[in-house]
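Engineer: Before anything else, here's the structure in question.
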Amino acid sequence: MGLVGWGLLLGCLGCGILLRARAQFPRVCMTLDGVLNKECCPPLGPEATNICGFLEGRGQCAEVQTDTRPWSGPYILRNQDDREQWPRKFFNRTCKCTGNFAGYNCGGCKFGWTGPDCNRKKPAILRRNIHSLTAQEREQFLGALDLAKKSIHPDYVITTQHWLGLLGPNGTQPQIANCSVYDFFVWLHYYSVRDTLLGPGRPYKAIDFSHQGPAFVTWHRYHLLWLERELQRLTGNESFALPYWNFATGKNECDVCTDELLGAARQDDPTLISRNSRFSTWEIVCDSLDDYNRRVTLCNGTYEGLLRRNKVGRNNEKLPTLKNVQDCLSLQKFDSPPFFQNSTFSFRNALEGFDKADGTLDSQVMNLHNLAHSFLNGTNALPHSAANDPVFVVLHSFTDAIFDEWLKRNNPSTDAWPQELAPIGHNRMYNMVPFFPPVTNEELFLTAEQLGYNYAVDLSEEEAPVWSTTLSVVIGILGAFVLLLGLLAFLQYRRLRKGYAPLMETGLSSKRYTEEA
């Protein structure tokens, strides 16, 4: 069997229903004792007493802090979902790292920092338009995605049951599974949007921790940063950066859906990916939401069929335009009450695509991010499965670029983000679900540069060409001249009807020239 064949085999095994102890929780913490004690504070290195790197001054084991402020929105239950007060249903003590140290055992650095002591600012990586990549850069990106699909995550596992069933039927076996790096990226997104499980066939659907609220921008930002760092590790290239797809073309075509990039449509079945693309063999995970709800279980990483896109019968739908992006960026308010999908004149809601790009609400309209997903259709059209499609990565990279442009233009204070009464998961200090160790929305409400990356993109107003400006001026002058001629003709007509009257009386008069004669 060749190298690729072994890679595919490992990829298939990587997300099976394997009850084995980075992704949702560190593998080292998902033991019977770890789950029962609700503590995830592993040692750093071989010294067992070096808990959270404490002996090196990197961190210590501490009580998890969660947001206790009230939320609003359609989720009205309490203590029914294991994502409430994340992650305390699973762990109430974790490593709290000091300074720029980060990670489940404080063994890494925060985004944007490097060095043994994490005290050296890392040169910012540059996210560029995917169409501007060289052939070598393009191959590195596509190859890294494929490698991530086939590589079991070395540190993290996923849970295959909700919190009440986490230890299995006999209460002694943690219900977990190994998963590939990319499939875990998919699983994170699924877990953030999945329904609350109340019983067989009784899902509570009014909940979403990564959409329909302020956390939409920060959640997806962290999601991409997580994947970018994993791809850097897989490729051994610390300067590796995710590209973006500028979907604001206003066209009726997906210009990244080619065999040179993320896969064209298959000729004999246009809902599938062309056999000339490496993505034609990608199988998807976490797609059978109704089945999970019926069985009161979670996505366990089993493959559920091939990746699909579906443009059939959608020939009149067009992608957003640059004007839509510019209108969205002109909105100065980050978000507005009720901080939900019906917020108006909210930059976040316009970017997410529930508002028109200018911030007005129209329930019949999809725009920007939502429109791009709808345009691709297929696997990409549903939140729980969308991240299976690699187009998701470059689509959200551009969405993040728009968010970053807004941050740079407006320089908002943290007070721009609601402390309370946003939907569950969307308050400023809520720990984003299901990232671990815990990270709040506020921690990602920063410019990209502060997090170690930048975008090579120009989202400013396009300057009109000289001939266009000149033509506009000439048309304006001609229009004013025609209007003046019409006004003079009207005045002459009235004067002839009333008879001659002097323009100015010789006597004093209180009548003003704006009044009727």
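Cβ coordinates are placed from backbone N, Cα and C, and glycine is handled just like the others.
Model, not experiment: these values are computed from the prediction.
So Swiss-Prot lists these for the protein:
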SIGNAL    1-23  signal peptide
TOPO_DOM  24-472  topological domain 'Lumenal, melanosome'
CARBOHYD  N92  N-linked glycosylation site
CARBOHYD  N170  N-linked glycosylation site
CARBOHYD  N178  N-linked glycosylation site
BINDING   H189, H211, H220  Zn(2+) A binding site
CARBOHYD  N237  N-linked glycosylation site
CARBOHYD  N300  N-linked glycosylation site
CARBOHYD  N342  N-linked glycosylation site
BINDING   H369, H373, H396  Zn(2+) B binding site
CARBOHYD  N377  N-linked glycosylation site
TRANSMEM  473-491  transmembrane segment
TOPO_DOM  492-517  topological domain 'Cytoplasmic'
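How about a rundown of where these features are and what they're close to?
Structural biologist: Confidence across the topological domain 'Lumenal, melanosome' (24-472), taken as the mean pLDDT and rounded to a whole number, stands at 95.
N92 (N-linked glycosylation site) has a Cβ environment of 15 other Cβ atoms inside 10 Å. N92 (N-linked glycosylation site) carries neither a helix nor a strand DSSP state and counts as coil.
Its own atom aside, the Cβ of N170 (N-linked glycosylation site) has 6 Cβ atoms within 10 angstroms in the protein chains shown.
Look at N178 (N-linked glycosylation site): DSSP puts it in coil.
The Cβ of H211 (Zn(2+) A binding site) lies under 8 Å from the Cβ of V193, E352, P383, each of these being in the same chain and 6 or more residues away along the sequence.
Annotation note: N237 (N-linked glycosylation site) sits in a coil segment as assigned by DSSP.
Using a 10 Å radius centred on the Cβ of N300 (N-linked glycosylation site) and all shown protein chains, the other Cβ atoms total 22. A coil conformation is recorded for N300 (N-linked glycosylation site) in the three-state DSSP classification, outside any helix or strand.
Following the DSSP three-state reduction, the secondary structure of N342 (N-linked glycosylation site) is coil.
If you take the C-beta of H396 (Zn(2+) B binding site) and look for same-chain residues 6 or more apart in sequence within under 8 angstroms, you find H220, H223, L224, H369.
Its Cβ taken as reference, N377 (N-linked glycosylation site) is surrounded by 18 other Cβ atoms within 10 Å in the chains shown. According to DSSP, N377 (N-linked glycosylation site) sits in a coil region rather than a helix or strand.
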Engineer: Fewest neighbouring Cβ atoms within 10 Å: which of the binding-site residues H189, H220, H369, H373?
Structural biologist: H373
Engineer: Using C-alpha atoms only, work out the spacing between N170 (N-linked glycosylation site) and N342 (N-linked glycosylation site) and round it to an integer in Å.
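Structural biologist: Here the two Cα atoms are 45 Å apart.
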Engineer: Between H373 (Zn(2+) B binding site) and N342 (N-linked glycosylation site), what C-alpha distance do you get in Å?
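Structural biologist: H373 (Zn(2+) B binding site) to N342 (N-linked glycosylation site), Cα-Cα distance: 19 Å.
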Engineer: Relative to the Cβ position of N237 (N-linked glycosylation site), how many further Cβ atoms are located within 10 Å?
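Structural biologist: That number is 13.
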Engineer: What's the CA-CA gap between H189 (Zn(2+) A binding site) and N92 (N-linked glycosylation site) in angstrom, rounded?
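Structural biologist: So the Cα of N92 (N-linked glycosylation site) lies 23 Å away from that of H189 (Zn(2+) A binding site).
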Engineer: How big is the gap, in Å, between the Cα of N237 (N-linked glycosylation site) and that of N342 (N-linked glycosylation site), rounded to a whole number?
Structural biologist: 42
